[in-house]
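**Student:** Would you mind keeping the following structure in view while I ask a few things?
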Amino acid sequence: MAERRFAIGYALAPKKQQSFIQDSLVSQVRSRGVDLIRIDAERPLVDQGPFDCVLHKLYGDDWRRQLEEFGAVNPSAVVIDSPEAIERLHNRISMLQVVSELKTADRSETFGIPKQIVIHDKETLFDRPAWEAGLRFPVIAKPLVADGSAKSHKMVLVFNRDGLDKLKPPIVLQEFVNHGGVIFKVYVVGKYVKCVKRKSLPDVSEEEKLGRLEGLLSFSQVSNLATNERTDDKYYKKMHLDETEMPPQSLLIEIARGLRLAMKLNLFNFDVIRDARFGNRYLIIDINYFPGYAKMPGYESVLTDFFCDIMRKKEREAEEKETIRLVSNTCCFSDGEDGVLSVSPLDR
Ligand SMILES: Nc1ncnc2c1ncn2[C@@H]1O[C@H](COP(=O)(O)OP(=O)(O)OP(=O)(O)O)[C@@H](O)[C@H]1O
Ligand SMILES: O=P(O)(O)O[C@H]1[C@H](OP(=O)(O)O)[C@@H](OP(=O)(O)O)[C@@H](O)[C@@H](O)[C@@H]1OP(=O)(O)O
Ligand SMILES: [Mg+2]
Ligand SMILES: [Mg+2]
């Protein structure tokens with residue numbers, strides 16, 4: 001019998017498509033019986049395919065409706081991941097709420113999120129008693145919405161009250177935590193977990209906290225790297241990343257698993273910093289859907305394994321469904337005096 005092939009449709013923004021859909025990935029996936037096929041976002045999704053699976057990172061109501069329609073017409077197709085689950089990551093409060101709800105086994109390290117509050121309007125921003133009691137300067141002001149737009153990545157490090165003037169709510173004010181200038185990016189692909197080090201904002205000294213003239217410092221995507229700046233040895237040396245110890249892999253695996261199950265997401269990364277005040281306290285500051293996997297060393301084989309697992313699971317489920325269908329179409333009856341049961345299929 002000919003080998004069963006699978007088709008995975010992908011719907012990605014042009015930049016994402018360019019970085020993620022590399023020839024090396026396409027050919028490795030193909031050699032394992034899976035074809036990656038581009039979805040034309042300009043045409044109705046239901047008219048394209050057939051797809052066993054849809055992989056996507058597009059925004060908006062129209063795309064959501066298209067996925068719903070596709071799901072209704074193709075109930076056995078797998079959508080990675082569900083738009084409702086992804087939506088949680090588009091708001092920086094709901095994004096991190098899930099971390100606070102995670103429960104892990106007893107261990108010497110602890111984890112959590114930095115203190116933060118949401119500010120919906122200018123009034124609350126200047127109503128200092130409402131938030132200054134719980135939060136000390138410096139703070140990072142982050143746009144509440146994290147929808148992938150350039151605007152949603154624009155951050156401001158605020159050193160004192162003077163810096164508040166220029167902020168534009170709705171924002172999240174998050175405690176800035178010194179962490180030695182290195183951030184850990186933890187990439188999750190289903191059950192696979194890979195942590196890499198990247199440069200981050202430098203620590204702010206006590207003198208700097210008191211003596212800064214300007215109240216704020218704007219920045220955007222400090223830890224993001226272009227694909228051509230891959231995390232090679234040169235980058236590690238230049239940024240002094242070598243000297244920084246990684247968080248324990250077992251802790252990261254535990255957090256990744258907790259997040260994956262709680263959020264019902266397969267493809268994401270989360271940013272972790274080590275709180276310099278404690279040394280064994282880790283803070284999760286950001287979670288991103290479908291991040292830049294191509295920057296992960298050997299991303300092709302990780303993603304290929306993941307796609308093949310999904311397709312195998314889908315096939316297994318289809319077989320199980322078929323078995324249940326056959327069994328439920330069978331009737332059991334007593335075969336005469338000895339009371340022995342026999343089974344006879346009804347759908348001959
Ligand atoms: N609470 C914090 N304390 C210290 N540094 C922080 C904190 N929050 C953010 N940073 C720094 O600011 C950077 C940007 O913050 P964050 O990751 O929330 O933004 P983002 O635009 O969502 O990033 P990404 O490009 O990963 O999506 C972080 O990579 C880190 O260097
Ligand atoms: O730019 P890259 O592809 O490498 O990936 C970045 C990705 O951008 P893209 O999805 O638009 O491409 C970002 O997504 P949005 O928040 O903007 O949706 C976010 O996930 C970053 O964290 C990723 O960088 P990484 O965390 O891996 O360093
Ligand atoms: Mg980040
Ligand atoms: Mg982010």
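Including glycine, each Cβ sits where the backbone N, Cα and C put it.
Annotation comment: TrEMBL describes Lys16, His153, Lys185, Asn288, Gly292 as 1D-myo-inositol 1,3,4-trisphosphate binding site. The 1D-myo-inositol 1,3,4,6-tetrakisphosphate binding site annotation in TrEMBL covers Lys57. What TrEMBL records for Arg92, Lys142, 174-185, Ser200 is ATP binding site. TrEMBL lists Asp271, Asp286 with the feature Mg(2+) 1 binding site. Sequence annotations record features per position, and here TrEMBL assigns Mg(2+) 2 binding site to Asp286, Asn288. TrEMBL lists 8-86 with the feature domain 'Inositol-tetrakisphosphate 1-kinase N-terminal'. Under the heading domain 'Inositol 1,3,4-trisphosphate 5/6-kinase ATP-grasp', TrEMBL lists 107-308.
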**Student:** Within its own chain, what residues at least 6 apart in sequence put their Cβ under 8 Å from the Cβ of Lys16 (1D-myo-inositol 1,3,4-trisphosphate binding site), listed in sequence order?
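**Tutor:** Looking at Cβ-Cβ distances below 8 Å from Lys16 (1D-myo-inositol 1,3,4-trisphosphate binding site), excluding near sequence neighbours, one finds Lys57, Phe290.
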**Student:** Taking the Cα of Asn288 (1D-myo-inositol 1,3,4-trisphosphate binding site) as the centre, which of the binding-site residues listed as Gly180, Val182, Asp271 lie within 10 Å of it?
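**Tutor:** Checking Cα-Cα distances against Asn288 (1D-myo-inositol 1,3,4-trisphosphate binding site), the binding-site residues within 10 Å turn out to be Asp271.
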**Student:** Report the nearest neighbour of Asn178 (ATP binding site) in space among the binding-site residues His153, Asp271, Gly292, comparing Cα positions.
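**Tutor:** Nearest listed residue in space: Asp271.
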**Student:** Expressed to the nearest Å, what is the distance separating His153 (1D-myo-inositol 1,3,4-trisphosphate binding site) and Arg92 (ATP binding site) at their Cα atoms?
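**Tutor:** About 11 Å separate the Cα atoms of these two residues.
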**Student:** Count the Cβ atoms, other than its own, that fall within 10 Å of the Cβ of Arg92 (ATP binding site), considering every protein chain shown.
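**Tutor:** So the Cβ neighbour count for Arg92 (ATP binding site) comes to 23.
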**Student:** Which one is it: of the binding-site residues Asp271, Asp286, Gly292, whose Cα lies the shortest distance from the Cα of Gly180 (ATP binding site)?
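**Tutor:** So, spelling it out, the nearest of the binding-site residues is Asp271.
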**Student:** For the domain 'Inositol-tetrakisphosphate 1-kinase N-terminal' (8-86), jot down how many residues DSSP puts in helix, in strand and in coil.
**Tutor:** 36 helix, 18 strand, 25 coil
**Student:** Show me the subset of Asp271, Asp286, Gly292 whose Cα is within 10 Å of Phe184 (ATP binding site); these are the binding-site residues I mean.
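**Tutor:** The binding-site residues close to Phe184 (ATP binding site) (Cα within 10 Å), listed in sequence order, are Asp271.
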**Student:** Could you state the whole-number distance in Å separating the C-alpha atoms of Asp286 (Mg(2+) 1 binding site) and Gly292 (1D-myo-inositol 1,3,4-trisphosphate binding site)?
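**Tutor:** Asp286 (Mg(2+) 1 binding site) to Gly292 (1D-myo-inositol 1,3,4-trisphosphate binding site), Cα-Cα distance: 14 Å.
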**Student:** Take the C-alpha atoms of Asp271 (Mg(2+) 1 binding site) and Val182 (ATP binding site) and report the distance between them in angstrom, rounded.
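**Tutor:** Rounded to the nearest whole number, the Cα-Cα distance is 10 Å.
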